[in-house]
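Feature annotation from TrEMBL assigns transmembrane segment to 12-34, 54-76, 88-108, 120-139, 146-171, 177-195, 215-234, 246-265, 277-296, 302-324, 336-357. The domain 'Ammonium transporter AmtB-like' annotation in TrEMBL covers 24-353.
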Amino acid sequence: MAVPPPARPRCLLPLSLGLFQGALLLFFALFVTYDEPSAQVEDASLAASQLCGTFPLFQDIQVMVVVGLGLLLAFLPRYGLSVLTHNFLLLNFSTQWALVLQGLLHHFHHGRVHLDLRNLLAAEFAAVTVLISVGAVLGRTSPCQLLVVATCEVPIYLASEWTIVTCLGVLDVGGTITIHVFSCYFGLGVSKALFGAARRPVHPKETTTPRSDLLSLVGMLILWVFWPSFVAVLCQPGDAQHRAVLNTFLAMSASAVTTVVASSLLERDSKLSAGHLQNGCLAGGVAIGVVADMAVPPVAALALGSLSAVACVLGFKFLTPLLARKLVLQDQCGIHNLHGLPGILGAAASAVAILVASEDAS
């Protein structure tokens, strides 16, 4: 008679989350405060104008991460409700955890951590890396395992970002290198560590349906619409932010058209692949982030968007099966094709942009 596997403790998730939230409440009560209101009229007006310029972009990013990314990952028909719940839980858990770590590392003055909207944005970007990484192990991990991944990934991301931006002086306003490339290979490392030793056939629950693909395509459309806000929110207001919006739109428009071309050429009977559309149309936004605010010509943004879409589609068609066969690397959502390959392409493009820039360029 077969012995059933031991049941997981039902109280583990609420107990761990309750302890975390309780510790966070204590930390905020003792150390966290807001900046003092400005007494000068000019300073108050400047702060108000900055808030009016940043908060709409912040709202766009909230819609992207909570709704767009959640629906994009809902392509597994038996995992749609869970992925939306886990995505929302990980976003809030990772953002609060990042606020604590960032506050202690960068915003701790006179025994207090000063909190503002820009700090919150930086913490949410740290949470985005977690949401991207867990795409590699989607549907094969428990909520407690995902929380462990988030707990480990956030401090490693902060150390990586500090090294890349502060120590190396890399310009990456849209997070192409610091967010997309990092989260891709961190997630693939987690997948390899957890599941890389054994090959397994595709489970029937992992087969997509027209309904689940439709939900994922809706998520892609939401991300596509709001992606310029994600890239431009941390740019300097004015010309740099204006260029970031324009370059991001051009790159994503080119990637959308090129994805249709590449997918129809590679698929049987010229039928479009839903997986190609869900990811390739966003590849331009991943690649352009590192050069979005630079004074690059519009044709460069279009070219980078097209090249990133081609790389993404070819990755799904050829590279993902090759990595699964040769390295036993399981990438459930294809994060290597959407975040890894376009991210590397964008990093290379930034090096070229710096090399060919004129001497009087800032």
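Yeah, the Cβs are placed from backbone N, Cα and C, and that goes for glycine too.
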If contact means at least 3 Cβ pairs within less than 8 Å, sequence distance 6 or more, would you call the transmembrane segment (215-234) and the transmembrane segment (146-171) in contact?
no
Same-chain residues near the transmembrane segment (88-108), Cβ under 8 Å, at least 6 residues beyond its ends
17, 20, 24, 27, 31-32, 65-66, 70, 114-115, 119-120, 122-124, 126-127, 130-131, 134, 143, 146-147, 150-151, 153-155, 158, 162
Mean predicted confidence [pLDDT] for the domain 'Ammonium transporter AmtB-like' (24-353):
91
